[in-house]
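TrEMBL has this to say about the protein:
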type: COMPBIAS; residues: 19-32; note: compositional bias 'Basic and acidic residues'
type: REGION; residues: 1-40; note: region 'Disordered'
type: TRANSMEM; residues: 65-83; note: transmembrane segment
type: TRANSMEM; residues: 89-110; note: transmembrane segment
type: TRANSMEM; residues: 122-139; note: transmembrane segment
type: TRANSMEM; residues: 159-177; note: transmembrane segment
type: TRANSMEM; residues: 198-215; note: transmembrane segment
type: TRANSMEM; residues: 235-255; note: transmembrane segment
type: TRANSMEM; residues: 343-365; note: transmembrane segment
type: TRANSMEM; residues: 385-405; note: transmembrane segment
type: TRANSMEM; residues: 417-436; note: transmembrane segment
type: TRANSMEM; residues: 442-468; note: transmembrane segment
type: TRANSMEM; residues: 489-514; note: transmembrane segment
type: TRANSMEM; residues: 520-544; note: transmembrane segment
Amino acid sequence: MTLAEESFHGALPPAPGEAKADTDGTSEKEEAPGQAVMRTGAAVPRRRAVGRLVMHSMAMFGREFCYAVEAAFVTPVLLSVGLPKNLYSLVWLISPILGFVLQPVVGSASDHCTCSWGRRRPYILGLGIIMLLGMALYLNGDVMISAFIDERDKQRTWAIVITMLGVVLFDFAADFIDGPIKAYLFDVCSHQDKEKGLHYHALFTGLGGALGYLTGAMDWGQTILGYTLASEFQVIFFFAALVFIICLTVHLCSIPEVPLRYENEEAKFLLEATEPHKYSSIEEEIKNGYLKSACAEMKAAAKPGKCTVASRAEEKRQMTLKSLLKTLSSMPSHYRYLCVSHLFGWMAFLSNMLFFTDFMGQVVYHGNPYAPHNSTLYLTYKTGVEMGCWGLCINAIASSVYSYLQKVLLPYIGLKGLYFIGYLLFGLGTGLIGLFPNVYSTLALCSLFGVMSSTLYTVPFHLIATYHREEEESLKLQEGEQAGERGKGIDCAALTCMVQLAQIILGVGLGLLVSAAGSAVTVISASTVALIGCCFVAFCVRYVD
């Protein structure tokens with residue numbers, strides 16, 4: 001018998017009579033540093049200080065700040081480099097298609113990551129670097145190409161290529177990074193702290209967006225930085241990169257992760273008890289709680305984190321797209337319904353937000369973006385677009401305020417009430433804006449966009465956390481029954497994939513509707529989809545008491 005086998009067999013639970021006698025005397029010894037080990041073998045993270053949760057939320061502040069900068073400047077940048085109109089749809093479709101295909105793969109890979117730094121933080125750092133690279137390319141691509149190429153035609157061609165590449169990389173990484181951030185929160189926090197953390201995420205998401213829109217609205221050309229740097233785009237990149245780097249660094253240092261370790265001999269022993277590949281086996285699948293408890297006791301007796309149960313999928317260490325799709329297709333119905341409701345929500349929200357400034361310019365202010373640039377119609381349209389940016393700023397501030405109100409409302413109306421109210425208020429608000437396009441009423445109703453934004457960023461992930469808590473509690477089964485723990489990374493990734501799917505659907509269909517019927521159709525379609533989603537949230541989504 002090897003040392004590892006001896007350690008394993010020595011850690012096996014004693015007979016039922018002995019276990020009962022020793023329970024009280026050994027309970028404290030079975031706690032790993034910073035975590036408590038349940039009888040089922042599941043690690044329960046200790047409560048986190050508010051400051052740590054705030055630090056963890058800073059990543060959402062930086063991400064949303066950069067998102068707001070992109071929303072304000074990506075269209076002017078694409079126009080300045082001379083991108084043909086027939087390539088606009090290509091720019092906006094590449095990133096969500098890549099995200100929809102690859103995000104579950106990355107989520108599954110992060111579930112199995114054995115890096116000593118943790119499972120989620122290596123992916124968050126890598127995606128953050130890609131975000132910075134993409135932002136550098138699309139805001140500075142024209143200047144970079146001009147420094148290396150002198151011929152004007154080649155400059156234009158390469159500037160378009162570099163700018164498109166930057167937009168795709170930024171959108172890809174910014175959409176991707178949300179899943180690992182949520183999974184990181186779920187891994188290191190207790191259920192109560194998960195609720196707090198999600199509310200702080202929504203709060204700092206709104207604050208980051210508001211500050212980003214305000215930064216973009218300022219005229220930096222007349223400042224010292226404006227005179228020092230080559231263009232206003234470079235000034236904006238300087239601020240966005242500085243804010244994001246600081247926020248990402250604070251986030252990565254917020255809460256330490258317990259690394260996922262593999263002991264080959266123990267894993268091989270435990271694999272004999274695993275079931276065939278199922279959705280619940282992506283992170284780990286054990287036939288009964290006995291072996292999992294044995295592994296937990298061995299981990300407490302030997303070195304913390306040195307024993308982790310592995311499934312057949314982990315043994316192969318390969319997750320192909322085919323097996324992943326098969327796994328996702330067998331997901332429980334309540335997860336599937338939650339994903340569908342999330343899809344409805346993001347389709348409604350994005351169909352309104354993507355064309356809102358254009359709606360303000362054309363429908364509310366009656367301007368014309370295709371008129372000559374020195375004409376009254378074009379200047380009126382430009383005024384409407386600027387007012388639309390202020391509306392988006394109101395949306396971001398309202399999102400922050402409502403994220404705090406959610407904590408107050410949750411004990412009274414529950415998650416179902418919060419989910420239903422978010423969709424209902426957004427559907428009614430966008431409907432009123434479409435029917436009565438007035439400047440002041442539209443700006444006032446922009447606050448309801450923030451209610452929807454905060455709802456989409458918190459309630460679905462809150463439901464994921466409750467589903468996982470329910471499954472962890474159900475692990476206390478009798479010997480011979482099956483228990484499994486679903487991978488948090490792939491669950492968050494599957495939910496976040498709905499954002500990319502919504503972008504794909506809107507990129508293909510909504511552009512045709514806008515070209516045929518004008519910008520007014522966007523708010524009407526947003527209202528219709530939100531109200532349909534409201535019914536789905538009320539009758540199809542499962543809520544855990």
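Keep in mind that glycine also has a Cβ here, set from the backbone N, Cα and C atoms.
TrEMBL annotations: computationally assigned, not manually curated.
For the transmembrane segment (159-177), the list of distant contacts is 59, 63, 66-67, 70, 74, 77-78, 81-83, 87, 90-91, 94-96, 98-99, 102-103, 106, 124, 127-128, 130-131, 133-139, 141-142, 144-146, 496, 499-500: same-chain residues at least six beyond its ends, Cβ to Cβ under 8 Å. In summary, the transmembrane segment (417-436) does not lie against the transmembrane segment (385-405): fewer than three C-beta pairs, each 6 or more positions apart in sequence, are under 8 Å. Among residues of the same chain six or more beyond the transmembrane segment (489-514), those with a C-beta under 8 A of the stretch's C-beta atoms are 89, 92-93, 95-97, 99-100, 103-104, 106-111, 119-120, 175-176, 178-180, 182-183, 186, 282-283, 327-328, 331, 335, 338-339, 342-343, 346-347, 350-351, 354-355, 460-461, 464, 467-468, 521-522, 525.
Take the transmembrane segment (343-365) and the stretches 65-83, 198-215, 235-255, 385-405, 520-544: counting Cβ pairs under 8 Å, 520-544 has the most. Across the candidate stretches 65-83, 198-215, 385-405, 520-544, the maximum count of CB pairs under 8 A to the transmembrane segment (235-255) is reached by 65-83. A Cβ distance under 8 Å defines the sequence-distant neighbours of the transmembrane segment (65-83), meaning residues of its chain 6+ beyond its ends; these are 91, 131, 135, 138-139, 141-142, 156, 159-160, 163-164, 167, 170-171, 174, 208-213, 215-217, 233, 236, 240, 243-244, 247, 389, 392, 396. Between the transmembrane segment (198-215) and the listed ranges 89-110, 122-139, 385-405, the one holding the most Cβ pairs under 8 Å is 385-405. Using a Cβ-Cβ cut-off under 8 Å and counting only residues 6 or more beyond its ends in the same chain, the transmembrane segment (385-405) has close neighbours at 64, 68, 71-72, 199-200, 202-210, 212-214, 216-217, 353, 356-361, 364-365, 439, 442-443, 446-451, 453-455, 457-458.
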